[in-house]
Structures are given as C-alpha cells and as structure tokens.
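These came from TrEMBL, pasted as-is:
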DOMAIN    14-355  domain 'Acyltransferase 3'
TRANSMEM  21-41  transmembrane segment
TRANSMEM  61-81  transmembrane segment
TRANSMEM  102-124  transmembrane segment
TRANSMEM  130-152  transmembrane segment
TRANSMEM  159-178  transmembrane segment
TRANSMEM  190-208  transmembrane segment
TRANSMEM  220-240  transmembrane segment
TRANSMEM  260-280  transmembrane segment
TRANSMEM  301-321  transmembrane segment
TRANSMEM  341-358  transmembrane segment
Amino acid sequence: MDDERPTTSAPRDAFVDFLRAFSIVVVVLWHWAFTILVWGPDGPTATNPIGFTSGLWVLTWLFQVLPLFFYVGGYVHLLAWQRARARGEHLGHFVWRNLRKLSVPALVLLTAWLALGLVVSLVFDVRWLWRTVLLVVSPLWFIGVYLLLIALIPVWLRLITRFGAVALVVVIGLVVVVDILRFRYGFDEIGYVNLVLVWGLAFMSGFFHQALVDAPRQAAAALTWAGLFGLVGLVFSGLYPGSMVGVPGEPTSNMAPPTLCIVALLAFQVGVAELARPWLRERLERPRLRRVVEIVNRFAMPVFLFHTTGMAIGRALLYGVNGELAEREVPDLVWWLERPLFIGLSLLCTLPVIWLFGRFGHRRQTVPSAA
C-alpha cells in the first residue's frame, strides 16, 4: 500500500539535528560521568553506578539513546541518498563515500591506540596496558555497527520499497525468534544476529520519520504507550534485565547483544520525541539554541570518536595528582558531587585531541594529489 511507504520529500530540519546532537551528548556525558574504573592485578575493568544504586536503571529508559540515534541516522541517510540520486550519483558510490568518511577517522584512532599499546608494552612491560587500550577503543563497536548499516542501505531501501512497513513487522518477529532461541533454548551465540536485526530495524524505522510527522498526533502517543507497556511487560516478566545498558555482574544484557527490549525502547523514545516535536521546534526558533545544535552536530562524530581518549587522559592526570588508581566503586554523596569535575576534565582533555586529529585530517586534504 502506498501509505505504508516512507515519504521521500521531507527536508532535513532543526528538530532532527537536535535529536542527533542530543543523542551524542547523552552518550558522551554518560561515559564521562558514570564510568567507574576498578583496578585489579590484570588492569582496569569498567563498571557503572547502576548495579549499586537501587532504581537507577529506570533512567536508562530515557538516556540509553542509541535506538534514537540509529533512527535519526536512517532518516538522514535517506535524505542524503535522495539528494545524491538527484545529482545522478550511483547508489554504490553513495554508500562507499559515506563508509569512507566515517571509517577513516575510526581506523586512525584504532591504529594510534594499538601502536601506543604495542610500544609501551614492549618498552616498559606493562601487561595491563592492553586492557586499558580495549576500554578506550570499546565504543568503536558502535562505529562498526553503523558502518554495517550504511553498507546495507541498498538492502534497507529494497525491503522498504517492496514491502513498506510490513518489513518492520517481519524484522520485529525475527528479533522475537532470536530471543526465544537465545533465552529458551540456550543458543547464546545466535543472539548476535540481533546486532543486525535490532539496529537495522531502528535504521529502517528512520525511513518512516516523515510519515510519522505527517500522521495524526495520536500515532505518536500510541507508539509511546506501546513502547512503554512493552518495556514494562518484558522487564517485569523476569525474562529481561531492567537496565538498557550493560551492568557488570548481571547474567544477561539488553545491549550485548540487543534484545526485544531495545525494540520496545525504540518505539518509546521515538514516540516521546515526536510528542515533544512541536514544543522543541518552537524552542529551536531561537537563534542561540539553534547555533548550539549546529556546533554540536558539526563536531558530533569527532567528539564521539575521541571522548574516551580524553577520558583516559583525564584519569591519568588524576592519577598523577592523587597517586592512586582506585576509584569509589560504590557511589556515595562525594562520588556524585565529583561528577561535574570528571565531566569537565574529560571535556578539557578531549578538545586538544580533536584539534590534533583535525589538523592531521586537514593537512591530508590540502596535500595535492600526484594526479
């Protein structure tokens, strides 16, 4: 049916830019504020306050925003493809161009940390350094999944063009099947199929963003309540953990790999965002706020790529000042009061890294080619 196909004429707007900026800022601030490093004989391991603070997991229903980010990413890439197609660009070239734009800085970061780990471990015989390197580059899993979703854009377009919204329903059904095989029959490895299914669903759902905007407001309300009741039912059934982020010590995680809970979270967050759209658009008419959103979006990917590097530098500086590696594992009042310090220090240490890599990238672009 034609009304099940995503609308293809909607321009990119300030509201979508805000959602993208908001998602990146929340992810980065979460890592800076809530990463607790626990040091052992083999080096550091990361935990977070959710496992130690009763009821804090409820906040992850609002602040685990990766489903919303992938949703926005799908919509933005759909619009970008429409503009590219209007210019006569081939789909394969469009996909390759976007893959290269994102993968090159990620590979530079990964190579730099691997080289640092190799040199330091060989020269100083610091055995725990590789665990540190792994923690710093671990957020790159997100980049890997995002690159896969971009590479599969021809598949998403084909599915949506041919089947419309039915494709989303089928993918949700496949997520259910994977979870049944994983939790009921013990096929744990098959859970990683949901990396493609769940995040692919979020990405494809973005193709329908304009259709949701054009729909009656009750559609967003229905989506919100369906997602919320879905989360409540899944979590309080005892089959899924309540937190939408990984919690050390929990037997299962809703994120590694993603579960049906993330599908419900996607519906809830997209519905809430759409309900808030009129109010947000009115606020985004203010030039100052709009300028802030533009700046955040301009530096969104560099900040995400390098924010754990800045955090590592900041923690090293704190170690140099305090002379001890241990952090408060169980959050107390002092721990919470220290959060602005950790955020500010991580930001100050991230900005020079972004500047340094920005200079490197600019220099590469300005060197004339041999041709």
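The count begins at 1 with the first shown residue.
Keep in mind that glycine also has a Cβ here, set from the backbone N, Cα and C atoms.
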Could you check whether the transmembrane segment (341-358) and the transmembrane segment (260-280) come into contact, where contact means at least 3 Cβ pairs under 8 Å with the two residues of each pair 6 or more apart in sequence?
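When sequence-distant Cβ pairs are counted, the transmembrane segment (260-280) does not touch the transmembrane segment (341-358), since fewer than 3 lie under 8 Å.
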Tell me whether the transmembrane segment (190-208) sits in contact with the transmembrane segment (21-41), defined here as at least 3 Cβ pairs under 8 Å among residues 6 or more apart in sequence.
no
Which stretch from 21-41, 260-280, 301-321 shares the most C-beta pairs under 8 Å with the transmembrane segment (130-152)?
301-321
The transmembrane segment (21-41) and the transmembrane segment (102-124): do they have three or more Cβ pairs under 8 Å, with pairs 6 or more apart in sequence?
no
Which listed stretch (21-41, 61-81, 159-178, 260-280) has the most C-beta pairs under 8 A with the transmembrane segment (301-321)?
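The stretch I would name here is 21-41.
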Out of 21-41, 61-81, 159-178, which stretch has the largest tally of CB pairs under 8 angstroms to the transmembrane segment (260-280)?
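Selected stretch: 61-81, with the most Cβ pairs under 8 Å.
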Using a Cβ cut-off under 8 Å, which residues of the same chain at least 6 positions beyond either end of the transmembrane segment (61-81) come close to it?
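Counting only partners 6 or more residues beyond its ends, the transmembrane segment (61-81) has Cβ contacts under 8 Å with 6, 8, 10-12, 16, 19-20, 22-24, 26-27, 30, 91, 94, 98, 142, 146, 149-150, 153, 156-157, 199, 202-207, 209-210, 231, 244-245, 255, 262, 265-266, 268-270, 273.
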Could you please provide the mean pLDDT value for the domain 'Acyltransferase 3' (14-355)?
91
